[in-house]
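Engineer: Before anything else, here's the structure in question.
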Amino acid sequence: MPELSDSEDEDAWEDEVAENEIKVNCLFCDRLLNSVQDAFSHCKLEHHFDIVSAVQKHKLDDYGYIKFINYIRLMKCTPESIMSVCDTAPWNGDEFMKPALQDDLLLQIDVEELWDGQRMAADQPDQLAEESQTQAALLRAQRAEENSRRAEEALARALEDLHKLKQFAQNLVMNADVRTGVSAAGAIAELREDEDEAYFTSYGHYGIHEEMLKDKVRTESYRDFMCLNPDVFKDKVVLDVGCGTGILSMFAARAGAKKVIGVDQSEIIYQAMDIVRSNSLEDIITLIKGRIEEVDLPVEKVDIIISEWMGYFLLFESMLDSVLYARDKYLADEGSVYPDLCTISLAAVGDMQKYSDRVAFWDDVYGFKMTCMKKAVVPEAVVEVLKPETIISEPTVIRNINCNTATISELEFSTDFSLKIREDTQCTAIVGYFDVFFDKNCTSKVMFSTGPQSTKTHWKQTVFLLENPLPVQSGNTLQGKITVHKNRKDPRSLIITISVNDVKQTYSLQ
């Protein structure tokens, strides 16, 4: 449970609140008066009912006064009926605590002021009446100011507590395992087709495939790995998981594979079939529409599994789960998954301009304070290309994944990290990226990086903004901890928690 605030936070509420001019309804007729005092005078002169005297007669405190006013309004009492009440007050029930009239200004006065005003009138001689009224007005103003200050402080604490409770509830939802009985195959394998429809539908549009194919770092790395290592593919049976347009399947066929099976659930598979026929590879390549967890392959085992499964921050979209499922079910004992090695790295970022644009911007928006927006902006991980010069630390690898041995449970992890700072500046974010290796049995090894120091890719980098910059010095080490796990309500998205210098922030990547 979050620790709720119990101290002042004067900065939480500094906006001025404009008071709308609200009329006061008479207790006994339809007349609208300009102020509470006018209403009191009207009741006394027109209805011969002195509210102040009634309060004193029945010795009403704040709650009794509220019930008294609401009772009169709800029961539509006459002045005579109220003045006739002597013993048990009919307005004592708790049901009369609910306002009978919205924004009733008669409910917003301090009963003590009524008593004080009456005492002053009784104690002061006539010649001091004007001075008495002035003092009473000053006293009311002081009390109003004090009540306003207390209300603002209470509201500020309430807003802070509300935010903490919201974070607490959000973390409960994100961390709650809404899927009971999830098998060793993982949450992705357990998804129903209707639950996963949006994911596969997104890959049915040509635009995303065009973007991936035009990513030369990505596509040429796969091509070079297969074309430069024909001995790995010669006369082998290859499974392409998530084949898309079929480009990897065709690279494998060109590299010497005797049979290639491509599987994809998205509608792009139909274009892939035409592409395969257009390149006269239909005798080698067989394409199957469906999820790898549900289809039946025309072979029992395959020698090689290829797949371009990587998402933002490597693990976004959780497609590696499907690759590992295919590996465990279809890969021969001496077979291999490619790419076979991947790493995830972190580095510190110092970019005050971007921090100003994304975070500090909310401190003053056209003269209005919108600081609360930071609580919504910061937790959203940003996918973008960073300028290499904004990297202010040596990178550090936080996770190594061997696709031939990894288990699905290992794709969720928590680890400490250290970042060696290279310059005196302000750390404004932590950036994450990944590197990919084609290594096993390869005479010509191939790798590529998605880091900010390398040629940009469609994966870009994943940036985790800090709410407040951290001053750092060259040679110092920034200590931190990172936890990565699937969002239990949407296992294709990620929840990432980063602690740096004992400041913790949870981010969503979705």
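Glycine is treated like the rest: Cβ placed from N, Cα and C.
TrEMBL entries are annotated by machine, without manual review.
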Engineer: Given the ranges 106-133, 134-161, 218-245, 274-301, which one is assigned the annotation coiled coil in TrEMBL?
Structural biologist: 134-161
Engineer: With DSSP as the yardstick, break the domain 'Methyltransferase' (238-310) down into helix, strand and coil residue counts.
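Structural biologist: Residue counts for the domain 'Methyltransferase' (238-310) by secondary structure: 19 helix, 20 strand, 34 coil.
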Engineer: Residue counts in helix (H, G, I), strand (E, B) and coil for the domain 'Protein arginine N-methyltransferase 3-like C2H2 zinc finger' (55-99), per DSSP?
Structural biologist: 26 helix, 0 strand, 19 coil
